[in-house]
Amino acid sequence: MTTTTHILGYPRIGEKRELKFAQEKYWRGEIEQTELKQVGATLREKNWATQAEAGLSFATAGDFAWYDHVLTTTLLLGHTPKRHANGFPDLDTLFKVGRGQSQAGCGCSGAAASDMTKWFNTNYHYIVPEFSKDDSFEVSWPQLFEEVNDAIKLGHNVKPVLLGPLSYLYLGKEIEEDFDRLTLLPRLLTAYQAILSKLANQGVEWVQIDEPILSLELEEKWGDAFKLAYQVIRSDVKVLLTTYFDSVSDTLDKIVELPVDGLHIDLSASPEQLDEVVEKLPQGWVLSAGVVNGRNVWRSDLSAQRERLQPVKDKLGDNLWVASSCSLLHSPVDLDLEPALSDEVKSWFAFAKQKVTEVALLGRALDGDHNAILVCDTYSQPIKDRKTAAHVNKPHVQARLNSISASLTERSAPYAERAAHQAEVLGLPLLPTTTIGSFPQTSEIRVQRSAFRSGQLSTDDYHQALKGHIADAVRRQEALDLDVLVHGEAERNDMVEYFAENLAGFQTTKFGWVQSYGSRCVKPAIVVADIEREKPITVEWSTYAQSLTNKQMKGMLTGPVTILCWTFPREDITRKAIADQLALALRDEVSDLQQAGINIIQIDEPAIREGLPLKKRDHKAYLQWAVDAFKIAAASAKPETQIHTHMCYSEFNEIIDSVAALDADVITIETSRSNMELLKAFEDFNYPNEIGPGVYDIHSPNIPSEEWIEELIKKAAEKIPAQRLWVNPDCGLKTRNWSETEAALANLVSAAKKLRAELV
């Protein structure tokens, strides 16, 4: 019996972000489209070769995207938004939908980009499909068929991947009122029929149809729609219905009634679902077991996975397939590009290329290959050794974790009492003005950081340069007459990576890039051991900045949940335990900052909402420990120390209780683009603490007028008492230039002063 092995997708960016650099050259008009397309073709061929050389049964095609796979599906279906449609869609059309008005060289006229949002609970973003009642669908964009043909010509056994019709509809949005996008399903299915027919004509035997929404708690109408959809698109091609990111426990009874040929489940995210799925699997169906985690960087315990799957193999025989849990696009590409890692640390990891090998090796072991079984056992040994390593599981950190009690999460005084202390100590006016933390990261800063990291600039010289940038930021803020200043974060390349580099327990990489959206890639740090703060991190910079001014200087920290969500977590302990370790480290930083004379400390938590589990029934438990982690970090603050937090979401209603439970003295939020509508959640809740609704959209180069800012502040004052309002931009100003920043902040300060005079 031979076990079929495959992956759900492979990273499309290239080992060293080749696609990113080619895209951006094309957008700048520096290369022709033919050169860009050649880069893509080379990457695809290399990806398929990686899968074939490892011994996988299939090479997956259709996982490559020039910008985003959902956007690729939009063009495949001939569903280009009308404002971007210009005859037959081409690559420039695709970029225009994803990016909006593009730079010269792409032939793209001005039009707004489609919305972008998170792909389920990952850090990848997709371009949101737009639906209106008159929409039609027709197979238009040939990329899928061309890539299948290319792979076949290269001799690969091809398994195309396609985003399913229900998930495609569900992940989009209606752009007309009184219209339900689900009513478009019959029209959409006609296009899917045509796609599957074309694939059959190309000689494809199996197609992977991704329906990740089957892992959600679906409304009945969406769950019921699956049976109709899959009856209509049934064809000569065998369908592997693919789910990931959570269990199918809520939808399994509907799934097993569908006219498909197999089911893929994510046994990394939800290992507990295996027994129920095996029990209910229809006769003759394939079960694709997603046991190699596609969302992390950790080596798989192949020995344990073999033992777990062997009874399933004995029962299902060749109908058990072995796979990655989800697409490997969420993993870095190749661990072999990290020679600076120690042999021990390297033995803990597997990036996408290594995960392909894991899948193939596990398949051979399940087939009874004695050598493969021995290799699995040897391969798994570093994972077992790591579990007992004292430098990974540190007794003193564990002891501190075990000492956490409810009292550790509470400030020493309630908000009303703290507010009185803070008013006396801080001496701030009505409608105090501040910024969110970062100031423009100029080319000079980036060049100096690069020189320091490459050893061309000494530590002393680099620190002197940073102090110069901090002094410049303080001077500019004083000239603007802002009430609460920040040091500008010149020393930070990234709000999470900076803390990861300065806390024990993290590992950073050189080429550990993963795609976030389009050409944007991120390089998450990896939690490899118990986390602790061995020395102060931000105190030197904040106290230096405070020494330059008589105004209040705000200390700037990234919160524990955000650091957790934007890094690769450990798999051997819970996310809660990691968050608590981070919280204790940040608690010490808060304590040191206030002892050094910093009276206002901001703990940013932009990712609390992003960390929500996919199933709503799991939200309460997550929010409880997420809130507790923030409170542990903040609770070392004395009553007179003012704790701020910052969040940038488009929706607060479902988490407003938890936002209030953070008990931050001041929360700043992103509201300018919503025209203050987001404040309604805080108004309805009767939010008790102070709030700074953003009045300057930092994502736009436009300079808001003083009158516009005044109107926004007035609207905010209709919902929140002016005595509890702050005036600030939406977010940090890292991506803006100084001329834009100073012009906008001058108007912000003037508007606040004018209204302050009217209200006093």
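The backbone N, Cα and C atoms fix where each Cβ goes, glycine too.
Quantities reported herein were computed from a predicted structural model and do not represent experimental measurements.
Per Swiss-Prot, the L-homocysteine site holds I436, G437, S438, E489; the candidate it also names there, chosen from D334, D592, D604, is D604. Of the residues K82, K96, K118, K680, Swiss-Prot puts just one in the 5-methyltetrahydropteroyltri-L-glutamate site with R17, E18, L19, K20, R520, C521, W566, E610: K118.
When the C-alpha distances from E610 (5-methyltetrahydropteroyltri-L-glutamate binding site) to the binding-site residues E489, H646, C648, E670 are tabulated, the minimum falls on C648. Within the same chain, residues at least 6 positions away in sequence whose Cβ sits under 8 Å from that of D604 (L-methionine binding site) are G437, M495, M556, L557, T558, G559, T562, T645, H646.
In this structure the C-alpha atoms belonging to C521 (5-methyltetrahydropteroyltri-L-glutamate binding site) and H699 (active site, proton donor) are separated by 18 Å. Cα spacing between I436 (L-methionine binding site) and K118 (5-methyltetrahydropteroyltri-L-glutamate binding site): 23 Å, rounded to the nearest whole number. Ranking the binding-site residues L19, K118, E670 by Cα distance from S438 (L-methionine binding site) puts E670 first. In the three-state DSSP classification, S438 (L-methionine binding site) falls within a strand. Nearest Cα neighbour of L19 (5-methyltetrahydropteroyltri-L-glutamate binding site) among the listed recorded positions (E489, C648, E670, H699, C731): H699. When the neighbouring Cβ atoms lying within 10 Å are counted for each of the recorded positions (R17, K118, H646, H699), the highest count belongs to H646.
Taking a C-beta cut-off of under 8 Å and a sequence gap of six or more, C731 (Zn(2+) binding site) has these contacts in its own chain: I436, H646, C648, E670, G694, I698, H699. Neighbours of the L-homocysteine site: apart from I436, G437, S438, E489, D604, residues of the same chain with C-beta atoms within 8 angstroms of the site's C-beta centroid are T435, V486, M495, M556, Q602, H646, C731, G732, K734.
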